[in-house]
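Engineer: Taken from TrEMBL, the feature region 'Disordered' applies to A:1-30. Per TrEMBL, transmembrane segment is recorded for A:39-58, A:106-127, A:139-159, A:187-209, A:241-267, A:295-317. Taken from TrEMBL, the feature domain 'ABC transmembrane type-1' applies to A:102-316.
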Amino acid sequence: MTIARVDRRPHRSPAVSGAAGGADRCDVPPRRRRGRDRLTALGFLAPLVAYLAAFYLYPLYRNLDLSLRDYTVRSFVAGDAPFSGWDNFSQVLNDPTFGPALRNTMVFTFVSIALQYAAGLALAVFFNRHFRLSTTLRALFLIPWLLPLIVSASTWSWMLNSESGVVNYALHLVGVPPVDWLTSPHWALASVVIANVWIGIPFNLVILYSGLQNIPGELYEAASLDGASGRQQFRRITFPLLRPVSAITLLLGLVYTLKVFDLIWIMTKGGPGDSSSTLATWSYQLAFGTLLPHFGPGAAVGNILILIALVFGLLYIRVQRRQEA
Amino acid sequence: MRNTRRTLLAACVAVGTLASVTACGGGGSGSSDSTGKSATYTFWDPYPQFDASSNWGKRVAQCGTSAGVKIKRTGYDTTDLGNKALLAAQQGNAPDVMLVDNPVVSTLVEAGILNKTNDLGLDTSAIQKNIIGAGTIDGASYGVPIGANTLALYYNKKILTAAHVDPASIKDWASLTAALKKVKSAGKKGITFSAIGTEEGSFQFLPWFWGAGGDLTHLDSPKSAAALSLWKQWVDEGLAPKDVLNNTQTTSWQEFATGDYAFGENGTWQLANAEKAGFPYGVVSIPGRNGGSAPVPTGGEFVTVPVQQDTARYDVSKKIVTCLTSSESLLASDTALTYVAPTAAVQAQQVEANPKLKPWVEAVAAARGRTSGGLGTKYPTISQPMWTAVQAALSGGKSPEAALDAAQTAAGKSKG
């Protein structure tokens with residue numbers, strides 16, 4: 001509302017404003033200054049608002065629109081697809097792929113996050129001790145983060161190849177029979193989780209490590225004077241004080257992991273069958289994966305994914321508010 | 001108030017990071033000028049491996065020059081091109097001339113974005129019927145095949161000799177399986193193919209499916225199950241590697257090129273690589289279940305002219321298409337692409353120049369279009385359940401019969 005009022009009088013000389021201002025009850029100098037401040041604020045805000053509208057709101061609106069219409073290839077090009085309400089959603093929800101895809105998404109997300117977080121925290125505590133070469137080692141741990149996903153995913157799929165992969169070769173050396181990592185319905189999901197955990201560890205490490213830096217050293221000194229063991233120090237000091245950082249790490253990790261697509265697509269294409277397909281890969285499969293695109297159902301799956309992320313986002317806010325209270 | 005704002009912010013963050021993956025509306029690069037005076041014509045093809053200095057790149061540029069315009073050529077990934085074309089058409093900036101994979105033609109026709117060859121005045125009378133069939137809908141053709149390719153079995157002569165297998169003895173499935181067993185007991189690997197969960201997997205499965213007498217509108221027939229059981233038997237008995245499930249045709253070729261495999265199911269386009277493989281190779285056609293050659297699917301692209309708002313551009317587009325597909329220039333185009341020409345006359349010239357093409361020319365003559373026979377846009381809704389069934393059966397998730405039953409149900413449900 002305030003935005004619209006400021007907009008109506010952008011550049012006004014004081015004289016004019018005095019004349020016209022009577023009606024507006026705006027002739028008091030401090031108020032005018034506040035109006036100019038608002039205008040400045042608005043100027044700073046405008047690029048961001050324009051950016052958000054062009055790159056987030058409009059695509060979101062288009063995606064919602066796609067999912068509520070009955071698109072065929074013809075009506076997609078002509079732009080005259082009839083409104084079909086929740087048809088796409090009910091079609092998607094009744095699809096035999098939905099159950100497995102939802103289950104796979106949840107397993108993929110939660111197992112990945114749990115392992116990433118645990119490994120990231122362990123490494124962060126480890127590196128917090130500042131031993132010789134710790135900075136170098138820590139930098140090395142960032143490599144998975146720096147590699148383009150297509151490189152790391154392709155490398156993982158070579159390593160896990162059931163015929164000539166180095167992992168099976170290593171297993172062979174210790175006398176374990178080969179595992180069909182990517183080609184067995186029992187292992188495919190586990191394989192992509194392993195690769196995703198490897199990629200996600202650096203992110204957790206970096207954020208948790210910076211969180212550890214903010215815990216004052218005196219606390220540990222006091223604790224050790226009181227005779228607290230290393231384990232007790234971790235449980236009573238590190239972990240509780242790291243809670244806000246942990247919460248944001250987990251939430252961001254959750255959103256990143258829910259939408260993981262490229263890694264799974266490169267490694268298994270969601271297969272074999274649909275044993276490693278998640279909502280993200282299924283959405284792509286529907287919209288772009290066959291010769292005849294199904295944009296409507298594909299967009300519907302995408303929207304369901306957004307909703308899930310939103311739910312967790314709100315959950316995070318709630319938890320944080322309760323912590324502050 | 002403060003809390004609501006923070007809620008909103010977090011919601012924005014959550015939604016924003018996800019939106020990037022789900023947003024479907026895209027922007028084609030606005031490249032076609034509708035001023036009519038522009039002398040630049042846009043040209044899309046699925047050959048990103050050929051740059052401007054390649055034979056193919058030079059041919060396209062030449063055809064532009066002889067039509068009096070400059071061609072702006074862009075190579076896209078095959079799987080990407082169909083969707084790129086749909087998006088471009090939606091934005092009203094489709095390319096002037098576009099080469100697309102043959103099964104995509106019917107989808108684009110369904111979208112109403114391709115011109116009929118008759119309306120453009122292009123002559124397609126010399127083209128072999130089974131090749132142009134994939135781009136013919138309701139009796140009208142919507143593109144000119146630039147060339148054709150198809151599948152056959154490459155074999156490694158060294159391995160077959162060592163295992164005492166005579167390639168001429170491979171007449172049907174039983175003799176092929178027997179040969180694979182001999183190879184395996186001689187300590188080598190049997191056969192590699194691509195059963196990946198994409199259109200490539202269906203393409204590779206079709207010769208066996210059709211070779212058993214299978215019908216794409218009845219995926220759950222015992223004949224289809226026989227074809228899937230054959231593949232499953234090979235994988236289960238170790239005659240084919242388990243990683244066929246992840247193999248694209250390229251990675252399958254790489255396996256064959258290691259020299260460990262006796263057979264590899266692959267396409268015409270690997271001929272040049274076969275020469276470089278470093279071992280003597282031969283080619284046999286894929287056998288049918290009870291003998292004879294199995295019908296193989298046609299591969300290869302069609303040259304199409306997408307609908308433009310400015311119809312004055314069609315004249316030059318037609319010149320470019322004719323330049324690429326006329327009998328005189330097909331030889332050069334198909335040599336540049338290592339394809340089999342779509343006309344009998346040019347095929348004869350090709351075989352004369354390179355006798356090794358003979359089995360491929362014969363295979364192309366016996367090939368079928370995937371979207372032919374009135375299937376059109378029904379084919380994609382059959383192909384996807386079919387490759388899913390192949391994956392489910394080979395990975396051991398389901399029996400071939402159960403997998404194909406599920407596939408038929410899925411194919412029957414989706415409305416083209």
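A Cβ is built for glycine as well, from the same backbone N, Cα and C atoms used for every other residue.
Set these features in their place in the structure for me.
Structural biologist: Residues 104, 107-108, 111-113, 115-117, 119-121, 123-124, 127-128, 138, 141-145, 149, 152-153, 156, 160, 179-181, 242, 245-246, 248-249, 252-253, 256-257, 260, 263-264, 267-268, 271-272, 275-276 of the same chain, all 6+ positions outside the transmembrane segment (A:187-209), place their C-beta atoms under 8 angstroms from a C-beta of that stretch.
Beyond the transmembrane segment (A:295-317), the same-chain residues lying 6 or more positions past its ends with a Cβ under 8 Å from any Cβ of the stretch are 60, 63-64, 66-67, 69-71, 76, 81, 84, 87-89, 91-92, 95, 101, 105, 247-248, 251, 254-255, 258-259, 279-280, 282-288.
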Engineer: Is it true that the transmembrane segment (A:241-267) and the transmembrane segment (A:39-58) have 3 or more Cβ pairs under 8 Å, skipping pairs fewer than 6 apart in sequence?
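Structural biologist: When sequence-distant Cβ pairs are counted, the transmembrane segment (A:39-58) does not touch the transmembrane segment (A:241-267), since fewer than 3 lie under 8 Å.
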